[in-house]
Amino acid sequence: MSDAAIVSYPWYIALYKGFLSAIYGFIAVYGMFIIVIKNLIMGQGLIYEVSGPVGIASMVGDSARMGINYLISTAAMLSITLAVINIVPFPALDGGRAVFIIVEKIIRRPVPIKYEQLAHTAGFVLLMVLVVVVTVKDVLNIFK
């Protein structure tokens, strides 16, 4: 078992340390996300555990039982994770919208709205299917 401790800093150092921690967390989450996508594309499956709403609720509950500091840390990591996922260039996410804006700048005219709507609708449907699949996996894990 590893030793863990909560370290307190003066507020001005804590702001700096918190900022650095958020940057390191963002980089770590982004790196794991890239590995997960690469493994899925290469057919290697999920090496890292992926959780949906049920798994996240369980994780938040565990953090809450450990204390407010752990709960706040978990909330921060969830926010960072959502930010990373949201900037992925996938239709229906902000990153997907950014791709359309970049394409419009390159071709110097707007992408026809019906194509953009179709892409975002298809992306949204795929995301919802993924949410359902991951949620079912989470529920099945509860009963194991």
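The backbone N, Cα and C atoms fix where each Cβ goes, glycine too.
Small disclaimer: the values here were computed from a predicted structure and weren't measured.
Marked as domain 'Peptidase M50' by TrEMBL: 22-130.
Taken from TrEMBL, the feature transmembrane segment applies to 12-37 (among others).
Per TrEMBL, the feature transmembrane segment maps to 68-88 (among others).
Long-range neighbours of the transmembrane segment (118-136) within the same chain, counting only residues 6 or more positions beyond its ends whose Cβ lies under 8 Å from a Cβ of the stretch, are 50-55, 90-93, 96-97, 100. The feature transmembrane segment is assigned by TrEMBL to 118-136 (among others).
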Helix, strand and coil residues within the domain 'Peptidase M50' (22-130) as assigned by DSSP: 85 helix, 0 strand, 24 coil
Average model confidence [pLDDT] within the domain 'Peptidase M50' (22-130): 86
